Amino acid sequence: MTTTNGRRPIIAFMSDLGITDDSVAQCKGLMLSVCPDVTIVDICHTMQPWDVEEGARYIVDLPRLFPEGTVFATTTYPATGTTARSVALRIAHASKGGARGQWAGSGAGFERKEGSYIYIAPNNGLLTTVIKEHGYLEAYEVSSPEVIPEQPEPTFYSREMVALPSAHLAAGFPLEKVGRRLADDEIVRFERKDPELVADHDLVGYVTNIDHPFGNVWTNIHRTDLEKLGVGYGTKLRITLDGVLPFELPLSPTFADAGEIGAAVAYLSSRGYLALARNAASLAYPYNLKAGISVQVKVG
């Protein structure tokens, strides 16, 4: 089986199912049973269970990197066993560039072509960031007995309501036939916490996650937030974590710019957000830094 562009179908799979038992294998086995030629790419299966904001971060950048036609099967399903149903949506995407506005490298594959992608997820906010960043063309409730069991296993909706229908879609089942079309206000979103501008030149945000296993500290302050304040590489920043841990350092393009091993560095993560690290060492672990703590940035 090939898609209309001549490639084998692709499912990129993210879950909170972990890697210590056969749960992920069951989902993949079901995908392969429905769509034997599918290529399954693991995104992540060790996200914090039920944390839709963390999951949303892992799936928002993928259309810039995956071939058109990819189906993104993404799930954390705390409402398993209820009347909840998944949502499937199509996005169109034509974009170049990563965090710094262009790809590092000149290979032909780095210029993204225009194409469409399908996301399938619980309707619990997991697609909030995807919709904000990419918009969507159409969205449907996943309810047709042609793509989900009439009596789904009540404790395993990630398999029954995400993995199974994603395989049908990868195999060519029409998106518009998975269920009724959803109005925009029927798609659940979580409230995003954007950075706040204080006193015209200070930014206040928070730590979104620790970049394991390196111990780098990622924030919700985007490159564009910094650019509005005239910040570029070399601009001196005073950054305070959790109100008590100060750093004074310039924004740098690489870890090596910190100089000696263990020195602190402020940089843009691969996703385009302000981050803090130590050169070839962990910043988060010695200070026991966690997601959710405050970040204050003063320029100059």
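Any Cβ shown, glycine's included, is placed from N, Cα and C.
Since the structure is predicted, the reported quantities are computational estimates derived from the model, not experimental observations.
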S-adenosyl-L-methionine binding, same site as ASP16, ASP21, ASP22, SER23, TYR77, ASP211, ASN216, SER270, ARG271, ARG278, ASN279, ALA280 - Swiss-Prot member from SER116, SER158, SER166: SER158
Farthest-apart CA atoms of ASP16, ASP21, ASP22, SER23, TYR77, SER158, ASP211, ASN216, SER270, ARG271, ARG278, ASN279, ALA280, residues recorded for S-adenosyl-L-methionine, distance in Å: 39
ARG278 (S-adenosyl-L-methionine binding site), number of other Cβ atoms within 10 Å: 22
Listed binding-site residues (ASP16, ASP22, ASP211), ranked by Cβ neighbours within 10 Å, top entry: ASP16
Close in space, distant in sequence - ALA280 (S-adenosyl-L-methionine binding site), Cβ under 8 Å, 6 or more apart: PHE255, ILE261, GLY262
